[in-house]
Structure formats: C-alpha cells, structure tokens
Amino acid sequence: METTQTSTIASKDSRSAWRKTDTMWMLGLYGTAIGAGVLFLPINAGVGGMIPLIIMAILAFPMTFFAHRGLTRFVLSGKNPGEDITEVVEEHFGIGAGKLITLLYFFAIYPILLVYSVAITNTVESFMSHQLGMTPPPRAILSLILIVGMMTIVRFGEQMIVKAMSILVFPFVGVLMLLALYLIPQWNGAALETLSLDTASATGNGLWMTLWLAIPVMVFSFNHSPIISSFAVANREEYGDMAEQKCSKILAFAHIMMVLTEMIFVFICVLSLTPADLAAAKEHNISILSYLANHFNAPVIAWMAPIIAIIAITKSFLGHYLGAREGFNGMVIKSLRGKGKSIEINKLNRITALFMLVTTWIVATLNPSILGMIETLGGPIIAMILFLMPMYAIQKVPAMRKYSGHISNVFVVVMGLIAISAIFYSLFS
C-alpha cells in the first residue's frame, strides 16, 4: 500500500515538472498569437495617447489568459480523450448546434489563413524588388513556392508544426527587441504630454471611445484560439487528469511572454513618435516599421520590416492551419456521420491539406479585395467562441460547473461583449 502511494506521488511529481514539450507548446501559442498584426498594434493602440495605452497594457494579460483558459477548459471537458473542439461542442450542445458552431469555427479561422497566404506573397514580392533589387517571379509561381514551403512542414504532422513555430519565435523576438533598443535614442516627450485625463479625453475619439474601439485590437493581437483545441488535446493525452493544471501553467507563461514583448515594443514605438505621427501612419494604413523607416530615414529598419513580417506570418499561418484543419475535418466527419459513413483520419488530413494548398494558392495569386471584409466578419465569431461560449458552458454543462462562481468569468463575459459591440460598430459606422 505504502509503495503504491509513493509511486503515485512520484508519478504526479514527474507530470507536474516542466517538460520540453511544455516549452514547445508555450512558444507555439506565442507563435500563433503574435503575427504580422504586431506591426500595426503600436499605431492602433497608441494613436489615442498614453492613458488608453496604459489601461490596455493592464488589461492585456487578464483578458488574454482568462479567455483562453476558459476555451482550453471547454475542450478538456469532453468525455473522451482525443476529442477536439468540434466533437466537444456536439457532445455538450447537441448535433445541430455542433454542426453550426463547427461551421462558424471554420469560417472564422479559414479566411485568416487566406489573408496570411496573400500577405506573405506581397511581403516577399516587395522584399525581392525593393531590398534585394531582384525581379520577382510571376505571382502565381512565387505564391506556389511559398505556400508549398509552409505546407511541407504541415505534412510532417502536428508535432512538427508546433516545433517549427517554436523555433521561429526565437529570431522573431530577438529582432523585435533589437529594433526596440535601436529606437530608444529616438525617444521624445511628445507622447508623455498626453499623460493626463484631460489630454486623453481630447485626443482622437475621447478616452472611453478610444478604449472601447481598442479592445478588439487587443483581443486579436493576442488571439491564439485556433491552436487551443490541438493544445488541449495533446496535453490531455500527455498529462491525463493533470492536464487542466498543466495547460493553465503553460498558458500563463505564454501570455506573460506575449504581453511583455509586445507591449514593450508598442511603448518604445509610441515614445519614439508624436501622436500626429501615429495618426498619419494610421491614415496611410502602413505598418509601424514602414513608417519608422521613412520617418527616421533608416535603411536598417526598411530591411528589418519585411524579415520580421515574413517570420511572423509564417508561424501564424502554421498555428491557424491547425484550427482551420480541425474545422474542415469536423465538417466532413459530421457530414459523413449523418450518412452512416466514416473516413480514416490520415486520409482526411491529406484531403484537407490539398484543399488548403489549392485554395490558399489561388487566393494568394488573385489577391481579391473582398478578403479583408470576410476576415473582419469572422471577428465577432472568434470573440463569441473565445469569450462567450466557454462561459455559457460553465452555467449549462455539468462537466464545466466546477469552474463557476469566479469573478474572472464575469470579467471575460464583459470584455467579450465590449469587443463584439466595438467590432460591429467599426463594421457599420
């Protein structure tokens, strides 16, 4: 008896210890969240002045952590290990709701994948012509080479995708922090002049309006919901009944890393420019690095901008691929199940990969203008799935009831409603 208890304690200790796979997932979560959007965040978050920026910096960690922890717990609440979000949704809410949410989940993530395929083609094309002085190959060939390159990583499976993303995080963070250090001598006091409530109210749209419209910017700057289901399933297989504690720990470290690196970069950029500069950059709809390169006449920044963007887009593409594949697979499986049929998962993954390759290549080649609007329409769906669905499940699903009664749940619902209302306002204003 004593030996059994000792071995059980030893087993729990070994599972609670930090592992190499935990680091890999931590960096994978970071890699999915921090995409090319980081290059626009200093403009979108800083244009309202320092007061809204400081408030957003305070809200960033709890908003990101509690929401993503809720979605992770939702996936972990499924009866059977190995169930992804599309299966858990059906288990908790029924077949009809399961099909609808799976469809919405796919169409919220898939357009982001298409946007990234266009973005990486545009970025590499521009880098070749402006920085390297080369004539880029025809767009159809260039986009095919780039997408096949990223899809090659996909062919090696989920572990390789997460490993590739975690490796790409290091050069990305390194270059971002070097750039931040490079900008410190350029600091001026203009941004600090907005460090009062009176000035903040007079800046841009006013303090409360600026904060309201900035919440969705923060949500999507730290959003990594497309990889959460894969993350939860993998950790449940590895840690069993300790998966929830382990997932929460990995999420916390990933979110601290996200908030610190991104907000340091944002504050340093904002302190290097005046509010008028940030407003001009927003009006021209260019990234912060493109604006800084022109503003300070710094060729080094002009070189760094596309390199940072290429790394950021690649790792975010891989993370979003996992979510899009899950949604597509879920739709196919549910459709076949309704007809009394099934399909082998490896075969389905190959079909999904081919579909993703062909469609992302066509869209990257054609570069349709409607794509941005489709991606924007997916915003409220992502916010609902990330913020509201897990909180609703806590009230309605017995397996989630143990997480009720916490003030953090109210916080997540409030932030979710603020984000969704601001997205709709931005869409229709």
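Our numbering is plain: 1 for the first residue shown, then up by one each step along the chain.
In case you wondered, yes, glycine gets a Cβ from its N, Cα and C as well.
Summarising the annotation, Swiss-Prot assigns topological domain 'Cytoplasmic' to 1-22 (among others) and lists sequence analysis as the type of evidence. Confidence annotation: the topological domain 'Cytoplasmic' (1-22) carries a mean pLDDT of 66 in the model.
Across the topological domain 'Cytoplasmic' (68-99), DSSP helix (H, G, I), strand (E, B) and coil residues number 23 helix, 0 strand, 9 coil. Annotation source Swiss-Prot lists topological domain 'Cytoplasmic' at 68-99 (among others).
Within its own chain, the topological domain 'Periplasmic' (121-140) is flanked in space by residues 36, 146, 302-303, 306-307, 309-310, 313, 361, 364-365, 367, which lie at least six positions past its ends and keep a Cβ under 8 Å from the stretch. Marked as topological domain 'Periplasmic' by Swiss-Prot: 121-140 (among others).
Positions annotated as topological domain 'Periplasmic' by Swiss-Prot, on the basis of sequence analysis: 185-201 (among others).
In the topological domain 'Cytoplasmic' (223-249), helix, strand and coil residues by DSSP number 25 helix, 0 strand, 2 coil. Summarising the annotation, Swiss-Prot assigns topological domain 'Cytoplasmic' to 223-249 (among others).
Among the features that Swiss-Prot reports, topological domain 'Periplasmic' is placed at 271-297 (among others), with the record citing sequence analysis. Cβ atoms under 8 Å from those of the topological domain 'Periplasmic' (271-297) belong to residues 36, 39-44, 46-47, 49, 179, 183, 186-188, 190-192, 194, 203-204, 304-305, 308-309 of the same chain, restricted to positions at least 6 beyond its ends.
Tertiary proximity for the topological domain 'Cytoplasmic' (319-347) is limited to same-chain residues at least six positions away from its ends with a CB under 8 Å from its CB atoms, namely 28, 31-33, 84-87, 90, 95, 98-99, 102-103, 105-107, 109-110, 112-113, 116, 150, 154, 158, 161, 165, 224-227, 229-230, 353, 355-356. According to Swiss-Prot, the feature topological domain 'Cytoplasmic' maps to 319-347 (among others).
Beyond its flanks by at least six residues, the topological domain 'Cytoplasmic' (391-406) meets 70, 73-74, 77-79, 92, 412-413, 416 of its own chain at Cβ-Cβ distances under 8 Å. Annotation comment: Swiss-Prot describes 391-406 (among others) as topological domain 'Cytoplasmic'.
The list of residues near the transmembrane segment (23-43) in space but at least 6 beyond its ends in sequence, with Cβ under 8 angstroms from a Cβ of it, reads 64, 116, 119, 123, 161-163, 165-166, 168-169, 172, 176, 217, 220-224, 226-227, 231, 234-235, 250-251, 253-254, 257-258, 261-262, 265-266, 269-270, 278, 281-282, 287-289, 291, 305, 308-309, 312-313, 315-316, 318-320. What Swiss-Prot records for 23-43 (among others) is transmembrane segment.
Annotation comment: Swiss-Prot describes 47-67 (among others) as transmembrane segment, evidence class sequence analysis.
Residues or ranges marked as transmembrane segment by Swiss-Prot: 100-120 (among others).
Marked as transmembrane segment by Swiss-Prot: 141-161 (among others).
What Swiss-Prot lists as transmembrane segment is 164-184 (among others).
Among the features that Swiss-Prot reports, transmembrane segment is placed at 202-222 (among others). Tertiary neighbourhood of the transmembrane segment (202-222): same-chain residues 33-34, 37-38, 41, 44-45, 47-49, 51-52, 55-56, 59-60, 63-64, 194, 255, 258-259, 262, 275, 279, 379, 382-383, 386, 415, 418-419, 421-423, 425-426, selected by CB-CB distance under 8 Å and a gap of 6+ residues from either end.
As annotated by Swiss-Prot, transmembrane segment applies to 250-270 (among others), with the evidence given as sequence analysis. Long-range contacts of the transmembrane segment (250-270) within the same chain: residues 22, 25-27, 29-30, 33-34, 38, 41-42, 45-46, 50, 53, 57, 60-61, 64-65, 68-69, 72, 173, 176-177, 179-180, 183-184, 187, 191, 221-222, 224, 231, 235, 278, 288, 292, each at least 6 residues beyond the stretch ends and with a Cβ under 8 Å from a Cβ of the stretch.
The transmembrane segment annotation in Swiss-Prot covers 298-318 (among others) and rests on sequence analysis. Long-range Cβ contacts of the transmembrane segment (298-318) within its own chain (Cβ-Cβ under 8 Å, at least 6 residues beyond either end) map to 31-36, 38-39, 113, 116-117, 119-120, 123-124, 126-127, 130-131, 150, 153-154, 161, 164-165, 168-169, 171-172, 175-176, 179, 182, 287, 289-290, 292.
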Its residues classified by DSSP, the topological domain 'Periplasmic' (271-297) shows 20 helix, 0 strand, 7 coil
Any chance you could find the range in 47-67, 164-184, 348-368 with the most Cβ pairs under 8 Å to the transmembrane segment (407-427)?
47-67
Contacting positions for the transmembrane segment (100-120) when only residues 6+ beyond its ends and CB under 8 Å are counted:
35-36, 85-86, 89-90, 93, 143, 146-147, 150, 226, 309-310, 313-314, 316-317, 320-321, 323-324, 326-328, 330-331, 334, 356, 359-361, 363-364, 367, 371-372, 374-375, 378-379, 381-382, 385, 389
